[in-house]
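Database features (TrEMBL):
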COMPBIAS  101-120  compositional bias 'Basic and acidic residues'
COMPBIAS  164-173  compositional bias 'Basic and acidic residues'
DOMAIN    17-108  domain 'Fibronectin type-III'
REGION    94-121  region 'Disordered'
REGION    164-192  region 'Disordered'
TRANSMEM  136-154  transmembrane segment
Amino acid sequence: MDKHLLFVFLFTDSLSPPVNVTIKAVKANSAMVTWDIPEGDPVIGFAITQQKKDVRMLRFIQEVNTTTRSCALWDLEEETDYIVHVQSISMSGTSPLSEPLRFRTPKEAETQASKSKDEVMMEEVGPATQLRAGELIIIVVVLIMWAGVIALFCRQYDIIKDNEPNNKDKAKTSSECSTPEHPTGGLLRSKV
């Protein structure tokens, strides 16, 4: 056997499979798979295989350049058994598969029934209340801005109204006739 080939074989073989593979947050249509890696493994990513029990179809999820130790499994069917394996990926290849992990998704009705009524209410009302508070702040800011724009418009309108040509002629005529030096006429019409 070639020395180089033996080195590659030993190096690839030295990558250990992920350990402590667990399933969390199991719902009727989703779940979260988590794992750990043995210390010192040069891991750059992971590959997750998901299979329905007794069915040959596989879903293969591969994530590279990640330090994440979890993956969401989505689009699952309720009341179905699944088998999950996780593999580590390094620059030289992949590790062996982790031990198979079997889990079963519950019925949709079971996941809703398992929550208490208080949890359901908090989950449904909490984000909506925060959203409404944020919307209220935005509405108040917009109203204040509009009030400022309207006040500025009214001020500018008064300035424009005072400077209209009709108002200027009236202003000139009244100012020309009312100068104290020339009671009979303004400065411009006086005969000196």
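Any Cβ shown, glycine's included, is placed from N, Cα and C.
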Worksheet item: Per DSSP, what is the residue tally for the domain 'Fibronectin type-III' (17-108) in helix, strand and coil?
Response: 1 helix, 47 strand, 44 coil
Worksheet item: So what's the average pLDDT for the domain 'Fibronectin type-III' (17-108)?
Response: 89
